[in-house]
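Asks: For reference, the structure I am asking about is given below.
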Amino acid sequence: MTGMTPENQAIPSPAPATKHVPELGPPARPKRNKYAFACAILASMTSILLGYDIGVMSGAMIYIKRDLKITDLQIGILAGILNIYSLLGSCAAGKTSDWIGRRYTIVLAGAIFFAGALLMGFAPNYAFLMFGRFVAGIGVGYALMIAPVYTAEVSPASSRGFLTSFPEVFINAGIMLGYVSNLAFSNFPLKLGWRFMLGIGAVPSVILAIGVLAMPESPRWLVMQGRLGEAKRVLDKTSDSPAEASLRLEDIKEAAGIPADCHDDVVQVSRRNSHGEGVWKELLIRPTPAVRRVMIAAIGIHFFQQASGIDAVVLFSPRIFKTAGLETDHEQLLATVAVGIVKTSFILVATFLLDRVGRRPLLLTSVGGMVLSLAVLGTSLTVIDQSDKKVMWAVVLSIATVMTYVATFSIGAGPITWVYSSEIFPLRLRSQGSSMGVVVNRVTSGVISMTFLPMSEGMTTGGAFYLFGGIATVAWVFFYTFLPETQGRMLEDMDELFSGFRWRDSKNKNASSNPEVEIGLNKQ
């Protein structure tokens with residue numbers, strides 16, 4: 001019996017090693033961290049501001065044009081100018097969030113949009129309405145930049161894609177609320193209806209300002225300020241395990257230039273690190289090869305997201321449906337609400353696939369579907385435009401392909417743009433780098449929004465969608481050849497990923513996307 005004892009004792013010896021791996025790396029489908037989930041929800045609510053403005057303007061512009069007796073050109077400028085104004089907020093948000101923190105930047109975004117919504121709601125004329133758009137645009141710029149950055153910084157690697165897609169979820173929720181608001185106030189007197197549509201947008205910003213008080217500050221920002229004790233407490237709450245919290249803290253300290261053996265609650269950090277000194281020089285003037293690739297990837301994904309025409313479809317859905325054959329305001333607004341329902345439904349599906357399927361497969365599938373939808377939509381609208389009588393199959397096909405276009409956009413290109421661009425920049429460059437992506441996003445959206453009506457008149461609406469389809473085709477090639485998979489990667493590991501990535505590597509999913517492997521690599 002004694003001879004059997006060593007064998008019996010040896011049997012359980014692998015057990016500690018088996019238990020040790022899940023502690024360091026979460027399993028393939030870890031339980032959602034409820035605290036990180038709540039933080040992401042609250043931060044991402046800022047995106048409702050942009051979504052509501054886009055959605056509500058699509059219907060409000062019908063009544064603004066009638067009430068203020070303005071031209072199509074003025075309507076196009078009114079719809080798209082908010083994106084240009086938002087550049088001021090996006091450019092300022094990076095520096096602001098480095099100075100006052102991510103959390104209070106969110107509060108500032110809500111306060112500015114609140115003022116802008118009230119100004120638009122009480123606007124007596126076109127000039128005053130444009131001023132309200134200016135103020136609201138600055139708030140939107142702040143909100144667009146800070147929500148994905150905060151969410152990426154607070155999320156554990158295992159669910160970062162899921163949580164960082166929330167800003168796009170809330171943009172779509174805001175669009176849906178805007179569409180519903182249009183329908184609800186469409187029967188009000190002409191002078192009151194559109195003012196209620198725009199003014200009621202102040203309500204979400206108030207809820208946001210109250211909710212943000214329950215949020216912690218970003219652990220990465222706290223480390224950049226030398227507040228290690230607070231950062232550790234936040235990481236303990238937002239990580240999947242104590243081991244992951246310790247590893248995340250070590251990586252952030254290394255990125256911030258704090259010695260690994262420093263365990264004080266408060267330490268002195270150089271002004272260069274804590275307040276983003278010299279960041280623009282690192283980004284634009286003397287970038288490393290990896291940072292240059294990151295910049296091209298972030299700017300490219302934001303440009304192509306908007307250049308493929310999504311805001312033209314969302315903003316001018318009633319006009320597109322009118323071209324397709326829906327004649328009354330009520331029919332057009334009802335069809336637009338259907339667009340909102342489809343868009344919101346598919347973005348919710350995407351949030352659950354991001355950390356299971358990966359960024360690249362979803363993005364490429366999404367853009368491929370957009371190319372097909374745009375081609376068919378352009379064809380059906382051209383048939384309608386060239387026919388003297390109503391062609392019912394083309395009308396049905398036009399409405400159906402608008403739905404498939406927003407569905408395929410929402411399953412990939414919509415959420416992944418914000419997820420990807422918020423996670424690929426190094427810590428010190430993240431705020432300003434992300435703000436540059438938002439600037440490109442908003443400029444492209446503004447140009448598309450302001451030129452869509454003149455473009456539709458010059459080359460027909462069908463021709464405009466053929467153009468968007470061509471741009472989406474180029475986007476697919478760019479994404480396939482230039483964007484590596486980031487699923488499961490630690491934020492502090494992106495520099496290595498981009499410096500070593502070659503386009504042929506895109507054919508194979510990166511082995512390090514497994515969180516267990518990634519943590520092992522970072523430990524070495």
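Numbers here mean position along the shown chain, with the first residue as 1.
Quick reminder: no glycine exception, Cβ is built from N, Cα and C everywhere.
Just so you know, TrEMBL annotations never went through curation; they're auto-generated.
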Asks: Give the range, chosen from 298-318, 361-381, that TrEMBL lists as transmembrane segment.
Replies: 361-381
Asks: Which stretch from 35-63, 130-150, 162-180, 465-483 shares the most C-beta pairs under 8 Å with the transmembrane segment (106-124)?
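Replies: The stretch with the most close Cβ contacts to the transmembrane segment (106-124) is 130-150.
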Asks: Apart from its near flanks, which chain residues at least 6 from the ends of the transmembrane segment (465-483) lie with a Cβ under 8 angstroms of it?
Replies: 293, 296-297, 300-301, 304, 307-309, 312, 359-360, 363-364, 367-368, 370-371, 374-375, 377-378, 381, 413, 420, 455, 459, 503, 506
Asks: Give residue numbers and ranges for long-range contacts of the transmembrane segment (393-421): same chain, 6 or more residues beyond its ends, CB-CB under 8 A.
Replies: 148, 152, 160-161, 164-165, 167-169, 171-172, 297-298, 301-302, 304-305, 308, 310, 313-314, 317, 320-321, 323-326, 335, 338-339, 342-347, 349-351, 353-354, 359, 362-370, 372-374, 376-377, 380-381, 383-384, 387, 434, 437, 441, 475, 483, 486
Asks: With Cβ distances under 8 Å as the criterion, find the stretch in 130-150, 162-180, 192-215, 333-354, 361-381 that has the most pairs with the transmembrane segment (75-94).
Replies: 130-150
